[in-house]
There are 2 protein chains.
Amino acid sequence: MNATIPISDRFRVKTPQLDMPPRILLGPGPANVDPRVLSAISVPPVGHLDPTYLKVMDEIQDLLRYAWQTENEMTLAVAGTGTAAMEATLANVAEPDDVVLIGVKGYFGNRLVDMAGRYGAKVCKMTKTWGDAFTLEEIKAGIETHKPKILALVHAETSTGVRQPLEGVAELCQQHDCLLLVDTVTSLGGVPLHIDEWGIDLAYSCSQKGLGSPPGASPFTMSSRAVEKLQQRPNPVPNWYLDMSLLAKYWGTERVYHHTAPINMNYALREALRIVAEEGLIERWQRHQRNAELLWEGLAELKIECHVDREIRLPTLTTVRIPDGVDGKAVSKKLLNEYNIEIAGGLGELGGKVWRIGLMGYNSRPENVILLLNALKKVLY
Amino acid sequence: MNATIPISDRFRVKTPQLDMPPRILLGPGPANVDPRVLSAISVPPVGHLDPTYLKVMDEIQDLLRYAWQTENEMTLAVAGTGTAAMEATLANVAEPDDVVLIGVKGYFGNRLVDMAGRYGAKVCKMTKTWGDAFTLEEIKAGIETHKPKILALVHAETSTGVRQPLEGVAELCQQHDCLLLVDTVTSLGGVPLHIDEWGIDLAYSCSQKGLGSPPGASPFTMSSRAVEKLQQRPNPVPNWYLDMSLLAKYWGTERVYHHTAPINMNYALREALRIVAEEGLIERWQRHQRNAELLWEGLAELKIECHVDREIRLPTLTTVRIPDGVDGKAVSKKLLNEYNIEIAGGLGELGGKVWRIGLMGYNSRPENVILLLNALKKVLY
């Protein structure tokens, strides 16, 4: 021991055993997770190159392919939260001076703009009011004007609750030799989504919303077209941790060490994906839709308006307008402190104007709808 | 529902309930974790802006400051595994054309070289045989020759088992207006380490070795000198997820949303750090030293040589030379399959030449030493 350097106990703080409140997470995520998933996350870890763990990785890849309806070989879980998977899409294919066209109609569109700029892309924006979606004509015009190498759209905008229709977009992209990059953070596992049928080249998501796992391991997929662009880069990907040319060697057959995987997070993700496969995608999407409609009916009865038109409204996340004269923050604080219910306020343009209510994954259940509606009634009236 | 697109069940694979073998993880990490930590990781998550979670973050920051012996305000857990925290140090302070001098004496020195290059730094290398450490004179000569903005050294080289002495290095760095960046992946929580006393400006580590938590949330700290360099950057950090100017607003008093934190990983890290504080740093370092010496004595009795000189040998990770005529891979495979014991082979220059044996965190216990020595004896003779 180095006896000459004394140890400081200044930050040797005494903390009690972890004792968290039993929250009912009805905001934009994380959502509560199935007890089966919590049980899986606490299984003692094995090594990240253990043959039994490599099998877990393979299973996660297959089950993700099912959840995303894709045959993409490069389908895996990024070792970070959804934002890391988001950055992984841009970091790998947005090269310096590539034109990247981004549809901005909420907070996460803006985040894509910020990120793409950091990778040296020439960023162009299409914008739309927060609460709207782009029409196919608008997207066509954007592509024709800017001639992007990559078009990025947010399928499920977590800040507005809007579902961006994607039918027909891939055809436009392919005509213009452009990759289609899609944010599916709030759609995967809860909203109809067909990666291959819709011709999506790059997509990312998170574990803690529609899939019902804790945050920390995040779905990522890229098509062979996107892989080709990656392979043709003249220089290494300017992000080591998220470099898919290296990650492909760990998740693929070579099994070359890249990073020490978040073993327990992936145990959890595997269990969450197993539950998706057991339930079935159609059944799961229908459940999310059914419970969302129950919520919307109940809100109407309370004379609370939804912010987004029904045709493009996400079943996973609903933005509702805070009634005139009501202090939105005070209401959500009361819901949290008196009933352990978490809902969230608006972001950006919608700050102070809406609440965001999530019914996602394990939490998309009628009992949660009834509870929330009645707690809201108590707090409001 | 979109009735026109059929659902493919090709990847709807049937998987059994997770059933992992009870491994004893005596390789370079992950190590086994205390049951208290596994219990904490399975506590149901709350929201990432919940007041009760913000308190968990504060506690993690304080306990990390204790474990690292630092008062750095910017001390936090990166939402990824150790490699992400490694990249965070370079991404934030290594600006294009900055000279970064890296001491390479093993695999992770090379990884720093690769990463720094991706951020546009002018990378210079000092090299040393894998198994050696740099002398203060060599470091001085390197600084005087290359005049770097950043000097990066690996305190505990996980590929070689070498402890790099750091006394006196900071004075050299400060004389030459250079930041000192140190890899403490295999030292934090197991090997004497004094961030402030040693004048370290940037350090990163992992959760799954000396701290005894599963991989997935990774310690990071930076001094006010390093923060100053970050603040003076003319352009944004070219990595959004790891941008400390954004992360400071989430971990600091502003509490601005940045990413959905890996809540459960941080529950686990908090519990692991609580255990460190309960045990006390001196006691913990002594325990690691004591058990490593037990291992070294036992290996000597088996006529197995350690690769690294005693004075610079890490107590957390020992590289031992594979005896002549022994198939190293076959031995580690047998240990795994017959006794559930994981040890690892060498990386890079030491591939096929050494085994790597870890006694880290919860696993640094005499019973593990006895078990490993006797299992090795059975497999070898």
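For all residues, glycine too, the Cβ spot is worked out from N, Cα and C.
Any TrEMBL annotation is an automated prediction that lacks curation.
Annotated domain 'Aminotransferase class V' per TrEMBL: A:52-346, in sequence order. The N6-(pyridoxal phosphate)lysine feature in TrEMBL is assigned to A:LYS209. Under the heading substrate binding site, TrEMBL lists A:ARG356.
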Specify the secondary structure state of A:LYS209 (N6-(pyridoxal phosphate)lysine) as given by DSSP, simplified to three classes.
coil
DSSP state at A:ARG356 (substrate binding site), helix/strand/coil
strand
For the domain 'Aminotransferase class V' (A:52-346), the averaged pLDDT of the predicted model is 98
